[in-house]
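Contents: one structure, followed by commentary.
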Number of protein chains: 2
Amino acid sequence: MKVLFGSPGKKSGLILRIGQCVFAAFSIGFMASASGFSSTTAFCYLIASMGLQVLWSSGLVLLDIHALRSNRDLHTNIIVSLFVVGDWVTATLSLAAASSSAGVMLLFTRDTNICKADATLSCNMFQISIAFAFVSWFLLAISSYVMFWLVASI
Amino acid sequence: MKVLFGSPGKKSGLILRIGQCVFAAFSIGFMASASGFSSTTAFCYLIASMGLQVLWSSGLVLLDIHALRSNRDLHTNIIVSLFVVGDWVTATLSLAAASSSAGVMLLFTRDTNICKADATLSCNMFQISIAFAFVSWFLLAISSYVMFWLVASI
């Protein structure tokens with residue numbers, strides 16, 4: 001099996017995973033601390049999806065650290081196949097969550113004046129949270145492509 | 001290069017491409033004929049994204065028909081690499097468009113009573129259009145994975 005940038009058990013892979021975790025956690029933090037998020041299903045779904053991404057990526061961070069410390073090779077068919085399925089499911093859910101929240105945000109700011117009219121909504125916090133979710137999804141997408149490439153090139 | 005289900009220049013590939021085209025066209029048709037869609041950016045973006053998908057997939061339908069008629073092999077590196085980039089860009093945009101519209105639709109129907117209050121909005125048409133967009137994205141996702149598998153397994 002080839003060893004690419006972002007492969008499991010490599011430093012580049014660990015950095016990607018830590019990035020996914022951190023940005024997803026920031027996204028949850030900003031959204032959860034924004035007032036009025038719970039009245040919109042898309043924002044609640046964003047928190048759930050980013051929560052799943054934090055769980056998944058933090059698990060892989062621990063596995064990468066373990067592999068780097070003990071110098072073990074994670075490039076086996078079963079491990080990489082498991083990673084690729086998890087990565088793709090999480091990446092699809094994250095993109096869907098970030099996009100649905102962005103769609104609602106556009107409605108709030110451009111199509112209507114809900115953000116201006118309702119001062120209790122923390123629209124800036126929503127926007128920052130959605131931006132972080134997109135960054136987190138982008139890093140996860142890179143990992144997913146690397147994993148898929150590894151599986152396909154066996 | 002392997003020949004898989006949905007490969008370019010094969011009948012299964014042609015059927016997938018026709019499916020993508022037809023469902024994307026249905027999605028555009030239902031959305032464009034629904035009253036009040038133009039006031040929501042996410043719905044306009046859905047039409048644009050599905051339009052791009054119709055253009056892309058119909059181009060590949062023509063190429064597949066040509067290859068099937070003339071019995072030409074489309075499994076060359078350059079052609080499949082071009083397909084994989086186009087497929088992934090279109091698939092990502094389609095999922096983002098369908099999800100953002102779905103987020104807005106949830107806001108209209110579950111979080112608020114905009115659909116009940118505003119009789120000029122064709123909410124049922126919006127929902128049918130979004131469902132077709134998701135089906136079209138799903139078929140495109142299958143094609144994208146097959147293409148990526150072909151490129152990676154060269």
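Using the three backbone atoms N, Cα and C, a Cβ is placed for every residue, glycine included.
Curation plays no part in TrEMBL annotations; they are all automatic predictions.
Under the heading domain 'Casparian strip membrane protein', TrEMBL lists A:7-139.
Per TrEMBL, transmembrane segment is recorded for A:12-33 (among others).
Positions annotated as transmembrane segment by TrEMBL: A:45-66 (among others).
Cβ atoms under 8 Å from those of the transmembrane segment (A:78-108) belong to residues 1, 8, 24, 40, 42-43, 45-46, 48-50, 52-53, 56-57, 60, 114-115, 121, 123, 126-127, 129-130, 133-134, 136-137, 140-141, 143-144, 147-148, 150-151 of the same chain, restricted to positions at least 6 beyond its ends. The transmembrane segment annotation in TrEMBL covers A:78-108 (among others).
Packing against the transmembrane segment (A:128-152) from elsewhere in the chain are residues 1-2, 4-8, 13, 16-17, 19-20, 23-24, 26-31, 34, 43, 46, 49-50, 53, 57, 75, 77, 80-81, 83-84, 87-88, 90-91, 94-95, 97-98, 101-102, 105: each is 6 or more residues past its ends and has a CB under 8 Å from a CB in it. The transmembrane segment feature in TrEMBL is assigned to A:128-152 (among others).
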